[in-house]
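Asker: Sharing a structure, written as structure tokens. Questions coming.
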Amino acid sequence: MGFLKLIEIENFKSYKGRQIIGPFQRFTAIIGPNGSGKSNLMDAISFVLGEKTSNLRVKTLRDLIHGAPVGKPAANRAFVSMVYSEEGAEDRTFARVIVGGSSEYKINNKVVQLHEYSEELEKLGILIKARNFLVFQGAVESIAMKNPKERTALFEEISRSGELAQEYDKRKKEMVKAEEDTQFNYHRKKNIAAERKEAKQEKEEADRYQRLKDEVVRAQVQLQLFKLYHNEVEIEKLNKELASKNKEIEKDKKRMDKVEDELKEKKKELGKMMREQQQIEKEIKEKDSELNQKRPQYIKAKENTSHKIKKLEAAKKSLQNAQKHYKKRKGDMDELEKEMLSVEKARQEFEERMEEESQSQGRDLTLEENQVKKYHRLKEEASKRAATLAQELEKFNRDQKADQDRLDLEERKKVETEAKIKQKLREIEENQKRIEKLEEYITTSKQSLEEQKKLEGELTEEVEMAKRRIDEINKELNQVMEQLGDARIDRQESSRQQRKAEIMESIKRLYPGSVYGRLIDLCQPTQKKYQIAVTKVLGKNMDAIIVDSEKTGRDCIQYIKEQRGEPETFLPLDYLEVKPTDEKLRELKGAKLVIDVIRYEPPHIKKALQYACGNALVCDNVEDARRIAFGGHQRHKTVALDGTLFQKSGVISGGASDLKAKARRWDEKAVDKLKEKKERLTEELKEQMKAKRKEAELRQVQSQAHGLQMRLKYSQSDLEQTKTRHLALNLQEKSKLESELANFGPRINDIKRIIQSREREMKDLKEKMNQVEDEVFEEFCREIGVRNIREFEEEKVKRQNEIAKKRLEFENQKTRLGIQLDFEKNQLKEDQDKVHMWEQTVKKDENEIEKLKKEEQRHMKIIDETMAQLQDLKNQHLAKKSEVNDKNHEMEEIRKKLGGANKEMTHLQKEVTAIETKLEQKRSDRHNLLQACKMQDIKLPLSKGTMDDISQEEGSSQGEDSVSGSQRISSIYAREALIEIDYGDLCEDLKDAQAEEEIKQEMNTLQQKLNEQQSVLQRIAAPNMKAMEKLESVRDKFQETSDEFEAARKRAKKAKQAFEQIKKERFDRFNACFESVATNIDEIYKALSRNSSAQAFLGPENPEEPYLDGINYNCVAPGKRFRPMDNLSGGEKTVAALALLFAIHSYKPAPFFVLDEIDAALDNTNIGKVANYIKEQSTCNFQAIVISLKEEFYTKAESLIGVYPEQGDCVISKVLTFDLTKYPDANPNPNEQ
């Protein structure tokens, strides 16, 4: 049997660089402290054996490279190789390399694919998927805690039967589905057999029904022939009467034409005058608008001039203040220059005096060379004797110099502070002047602002009042327009409606008595509930304009085109062709004629209303409307109260979403008064709009007031800032500087006292040093003729010090005056720049004021000219209005003449209308009868034409499409008039009936007979007339279903066979593993327990298909009774889990077994038993590589591999190997030592 010989690792996890681990003995233990990298060694073995990355405790392959988890990878690659040794064969090397983000596999240094790599390992008994070669840390406890289902999953994984689970489920579903299909086709076949029997019975019933139906058809033909015959007789009679009346009307028309021509000429003249009047009104509006635009420009120009004048006054004051300040600053600078000249003069006089004194000195203490040498020697000797005193004096000198520097610094600071106080006083003076100037500007601005606010208030009140009134007018106009027009129309629609109303008023004024108005304005539903229904029936004709004649209609159309108005529909009363109202329809229950629920005024517009409504019926609900429309022998046009319309042709249209809004237009009352009110409100709106146009002037004033207010606000803010910030800050800084200046005196005095005190101490030291010098220089002083050596030394130095001190005083004075002079020069330049700037500002403002005054005069002149032009236009408008009124009076007289002639014509037209109505009704009746015959498939005997010549369009739908609809219906009637019916089949007795009562009686008799036959037919349940076709269809379906059933049965058999095959293969795999483990587990458990009384056994919950349910595992510990696995102690559970683990390994065992801390949960007794068992098995069955932390365990091994950590950026694992075979097991129980 082969074994794992060596492991070579390079940069894998905690193993940095290349390390060779091994050789591995048959029983090798891996030891080391926690965190040293023991488990990483097990991960390396798992890695080289093809384990997935997710099981190696990392997310990506790159994380396996040493240092990668902390962002410092040791290299860009890592590898692990394994040397596998087998008796009688050459060693083989298996390697896995991390290159980039992927793995590379090698066998004996040859790169191979993963599947080849896996196959070679499987040949050695190493199953990568089953992981039969290793046990991870904690796996023993996990196995001990598994429930039966989890144990089944473990066996599925080991036996690889789980690989077939997906295919097993798929085949099972296919088998179940095939069986269901078979069952379904069986029931379907059974049902179709029943249908075949039923179809035979239906065919017999259909034959009997057809015979009765033929008898009914013959009765229907007889009834329809009777109705049509008498209808044609009546139509011929009415046509003769109508021709006579039309001749009389033609004569009256010629008389009216002459009057109409005269009226037309007057209308043209009036139209021209009104256009001229409108043009003048347009020009007045334009001039008024122009004037409103010019006024704000004039106001703005005037305001700009006023503002610039105020600005100039402020600039002049600023110039005066700047000049005054400049003169004062110039005087201060002159004083400083005089003082500077005075100091320079005093310095020169001092220098001249010193020069004279130097020349006038007689005595000169000059030593000979030997005396100089002697002086230096004696000086050195004196220094040595007084060294201690000299050092002490030197220390005093250093301290004295430091204090003198402090004194000079304080005095310099005092001078600077005095200069700063002087500067602050000047700044305070400037602040106070600025405050005075700002207060003066604020007072002036407030006065201007009050004036602007007053003007703004007046304009605001005027504009707001105009706005409020405009809102009120608009609300009233909206209410009027809502009543006059559609409630949902938007502003554009309101404007459009207003335009249409204006045109309507114009044509009524131009054609009085000829133009009656819109249909909606001339009629009203009798009750509110009929509003929607009437709206639906009238449709587009609601807004149609009713005129007396076609000629008037064409004149109106021409006028509308000239005015560029929208297209309108006209209904000329002399042109419309209407059918008479069918009186029988008034007898129908649950329905009323639409024309009967409408009130109309004047009466002579009835023809237009008849044209729009036809014989339409209104019903309370949709069900009644549908029943009446299609339920009887004759179809009718009906409408429900909710607006649902049923056409004779079968078309049904529901109530549109805007139908209710349109229907609300019927609620308007006193339309004429509302129109007058609308005109009045429109005129008032124009006047108020003129006032509202002052809003531009108001905005200009508001803008100026806002600008002035903002300037005032900024000035007040500047004043407040100057007072509370600049002035207060300067005063505060001045006080602070004065306080500092007051503190300089005591500090300077303190320093002077310290210096004076130290001078006394230095004087005492000096006297002691002088005593030493006097002793040393006593003889030398006698030689040169001085009292002491200091007299000789000071004679030269004293004079020089006095001169230097005086010169320093002069330099300090010059420096101080120079600094002040430079400061004053800079301030003087700033003052001079301010004077220049204000001079330029004054000059610029004066030029701008001159320009602004000219601009103001120009605007005033334009306003005066515009006002004059406006007044001239108003005068023209009044004159033109008077001319229009005169022309209207002339036209009124002509219209009166035309009205008289029109009355005579109206009387004749009424008679014609009555005849035409009856004639139209008869034609409509004939059309409806023919249409009903065609719809009901009643074959009439025709001598000319065919049934296809009968139109299916509705005969009474004239109201739907205005004049074009009327022409269409007339063409239908004309086409149907060409159809000649053969009345040969009609009994002569029926033809001879003349009186209306006699005709009605005969018709009722025929109808009653037909009703009885239809009643018999209706009592018979309508059979399936296609029974024969159904019978043939059912026979075909039966054969088809039989074939499908047989095919489904074969598919089910095939699916079952496929399922049984995969089921057997899965069972064989699982059972082979299970039987092997179940056979070996008892023996292994006895060996682990070291007791033959121990028992372990496995049992499947489902013996037929064990992989579908759990596997029970029970053990009886030595010397104990049977207890469930959960009741075993921790050690007993671990031993039982190990027994199961080793038993599973015995099925297709791998050549080596890697275990990670399997002894973790074992006590000392069980550790020894498990270690001995592994040791025994490693000699013959498998190689064991165990990670352990317990000495009782790893001392049983043949070799040890020690892992220890080294610290770096991350843990670095190092390895030691130790061969225990060289050391016999002298103490098998280490605990006794």
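Just so you know, glycine gets a Cβ as well, placed from its N, Cα and C.
Since this is a predicted model, take the numbers as computed values, not measurements.
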Asker: Swiss-Prot tags one of Lys310, Lys648, Lys686, Lys1222 as N6-acetyllysine; which one?
Answerer: Lys648
Asker: With Swiss-Prot open, pick whichever of Ser358, Ser448, Ser495 is annotated phosphoserine.
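Answerer: Annotation hit in Swiss-Prot: Ser358.
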Asker: Out of 83-103, 104-124, 524-544, 1175-1195, let me know the one Swiss-Prot marks coiled coil.
Answerer: 104-124
Asker: Looking at Lys213, Lys475, Lys713, which one is marked N6-acetyllysine in Swiss-Prot?
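Answerer: When Swiss-Prot is consulted, N6-acetyllysine appears for Lys713.
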Asker: Here are some residues: Ser289, Ser735, Ser966. Which is flagged as phosphoserine in Swiss-Prot?
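Answerer: That would be Ser966, per the phosphoserine annotation in Swiss-Prot.
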Asker: Quickly, which of Ser360, Ser494, Ser956 does Swiss-Prot have down as phosphoserine? Just give the residue.
Answerer: Ser360
Asker: Quickly, which of Ser159, Ser318, Ser703, Ser970 does Swiss-Prot have down as phosphoserine? Just give the residue.
Answerer: Ser970
Asker: If you count CB neighbours within 10 Å, which one among the recorded positions Asn34, Ser36, Ser970 has the smallest count?
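Answerer: Taking Asn34, Ser36, Ser970 as the recorded positions, the minimal 10 Å Cβ count falls on Asn34.
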Asker: Identify which of the binding-site residues Gly35, Gly37 has its Cβ surrounded by the largest number of other Cβ atoms within 10 Å, counting every protein chain shown.
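Answerer: Neighbour-count leader: Gly37.
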Asker: Cβ neighbours within 10 Å, counted over all protein chains: which one of the binding-site residues Gly32, Pro33 has the most?
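Answerer: Going through Gly32, Pro33 one by one, the largest Cβ count within 10 Å is at Gly32.
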Asker: Gly32 (ATP binding site): which of the modified residues Lys648, Lys713, Ser970, Lys1037 is the nearest Cα neighbour?
Answerer: Lys1037
Asker: Nearest of the recorded positions to Lys1037 (N6-acetyllysine) by CA-CA distance, picking from Asn34, Gly37, Lys713?
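Answerer: That would be Gly37, nearest by Cα distance.
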Asker: So what's near the compositional bias 'Basic and acidic residues' (284-293) in sequence-distant terms, Cβ-Cβ under 8 Å and 6+ beyond its ends?
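Answerer: Apart from its flanks, the compositional bias 'Basic and acidic residues' (284-293) reaches 690, 693-694, 696-697, 863, 866-867, 869-870, 873-874, 877.
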Asker: Give me the sequence-ordered set of same-chain residues, not including Gly32, Pro33, Asn34, Gly35, Ser36, Gly37, Lys38, Ser39, with a C-beta within 8 angstroms of the centroid of the ATP site's C-beta atoms.
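Answerer: Going along the sequence, the neighbours come out as Asn40, Val1203, Pro1205, Ser1213.
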Asker: Distance between Gly37 (ATP binding site) and Lys713 (N6-acetyllysine) at the Cα atoms, whole Å?
Answerer: 79
Asker: I'm a bit unsure how to read this: which one of 104-124, 163-503, 991-1068 has the highest number of Cβ pairs shorter than 8 Å with the coiled coil (660-935)?
Answerer: 163-503
Asker: Using a 10 Å radius around its CB, how many other CB atoms surround Lys648 (N6-acetyllysine)?
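Answerer: There are 25 such Cβ atoms around Lys648 (N6-acetyllysine).
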Asker: Of all the recorded positions here, Lys38, Lys713, Lys1037, which one's CB has the most other CB atoms within 10 A?
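Answerer: Per the Cβ count within 10 Å, the most buried is Lys38.
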Asker: Which residues, sitting 6 or more apart from Ser39 (ATP binding site) on the same chain, put a CB under 8 Å from its CB?
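Answerer: Looking at Cβ-Cβ distances below 8 Å from Ser39 (ATP binding site), excluding near sequence neighbours, one finds Gln137, Asp1156, Ile1187.
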Asker: Which sequence positions outside the coiled coil (104-124), separated from its termini by at least 6 residues, show Cβ-Cβ distances below 8 Å to it?
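Answerer: Hits for the coiled coil (104-124): 2, 49-50, 81, 84, 92-98, 1150-1151.
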